[in-house]
Amino acid sequence: MSITKPETTVLKNYIGGQWVASSGTETLEVPNPATGEVLARVPISTKEDVDQAVQAAKKAFATWKDVPVPKRARIMFSFHHLLNQHHEELAELVVQENGKAYKEAYGEIQRGIECVEFAAGAPTLLMGESLSNIAEEIDSEMFRYPLGVVAGITPFNFPMMVPLWMFPLAIVCGNTFVLKPSERTPILANKLAELFTEAGAPPGVLNVVHGAHEVVNALIDHEDIRAISFVGSQPVAKYVYERTAAQGKRVQALSGAKNHHIVMPDADVETAVQHVISSAFGSAGQRCMACSAVVIVGENETFVRRLKQKADELIIGNGMDPEVLLTPVIRQSHREKVLGYIQKGIEEGAVLLRDGRKEMDDRPEGNFLGPTIFDYVTPDMTIAKEEIFAPVLSLLRANDLDEALSYIRKSRYGNGATIYTKDAKAVRKFREEADAGMLGINVGVPATMAFFPFSGWKDSFYGDLHVNGKDGVNFYTRKKMITSRFDF
């Protein structure tokens, strides 16, 4: 990703209710992954820009924390209404900026809207606890209070949903927020800020600062930032977690994944194939809940044959085409990295059942890669261990469910796993022994709804409190205990 000098209008940061040009002089291109068309330029903001945003958020917090909870919730209801009004427009922006298929983009917006719905329930979510007579004439109460200024660092693969995981809940809890979106998908963040302001959010409650590494470090290190929420790759997630935690700040860092789908001998083949295809190749495999490894228990050549047939039938192209499922990866540089993984799989002895590289020449204008399937992959191979984040699927073989579960246990990641079976005993064993935080039973993408935590395990998550659900409320609030005596 090359740095260029600005030649055209550059996106601005949103600070204190105003669109503000970055003090930095460099920008990055924001190309459409399907066409290469440059949609905008995003500024490489500076430490000074971050400080300006944090100071605006700090100033806003002084009054926002005292805004009655029902009034905060009403702003969320207004925001929810505006997101619904602009649903189609936002989905088209996701397609243009991220590249995914329109149907998936529309679904992403819907998931984000559901997060705002959850945040709108703040009066219930923020209720404290009390107990009378903990001792004679003594009562105890617990109240929730906001932390202050908090920050979110979000990825390119869900440029709408992940910010909506974070800032609505943080803000309705009484905090103010600084959002650093991915420099690959910055346009949508500005649109969110615009709609949130229209919904009635006061200046400084939500701020957006674009940029790269310097912005991340400046947010982590700023003395007025109380918590960091991050979603991204494993090396960066670990870095963000360690650097933030070392300063005694709250941090939740969602990381990489290697999600295994187990196909049992009694599985309905067509159902399993349909779910694996959608999970592995939807969004070009660029999601942390994507199926990237299938473990076939016993002999099931029918499943393998049908999987390849369905992969061959996939329509590849621009996400605005309603027939398209498989869309481009985000950047040419990422595709080059994926090609290296494919070559590594060949060199390490996996059988290349379907070579997605052949589709590249048909679409030279975009970052396309066809569905790629390796068979007879072993757990020690690179493609079986590392997150590739692309439409590349590994098929592993296991003699029984115990062996299949051992593959999941050996993985450094623990985001999700799925089993396809009709056997209740196998389901229970899988539920109890699969070493991952989100499990699917005949479900291809077992991602949770907003009222449950998004609960990755092992190297898929660094921190104590997950995003969403009660964990999210606990992350963005602190508790104050009051003990009262009445025997005077």
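The first residue you see is number 1, and the count goes up from there.
Placement of Cβ uses the backbone N, Cα and C atoms for every residue, glycine included.
Swiss-Prot annotates Phe156, Lys180, Glu183, Arg184, Ser233, Ser255 as NAD(+)-binding residues; of Glu26, Glu37, Glu386, Glu387, the candidate listed for that same site is Glu387. For Ser255 (NAD(+) binding site), the same-chain residues 6+ apart in sequence whose C-beta sits under 8 angstroms from its C-beta are Gly232, Ser233, Gln234, Ala237, Lys238, Tyr413, Gly456, Asp459, Ser460, Phe461, Tyr462. The CA atom of Glu387 (NAD(+) binding site) is located 9 Å away from the CA atom of Cys288 (active site, nucleophile).
Annotated pair Cys288 (active site, nucleophile) and Phe156 (NAD(+) binding site), C-alpha to C-alpha distance, rounded: 12 Å. Non-local neighbourhood of Phe156 (NAD(+) binding site): Asn98, Ser182, Arg184, Thr185, Gln286, Ile330, each in the same chain, at least six residues away, with C-beta under 8 Å from its C-beta. When secondary structure is read from DSSP and collapsed to three states, Glu387 (NAD(+) binding site) falls in the coil class.
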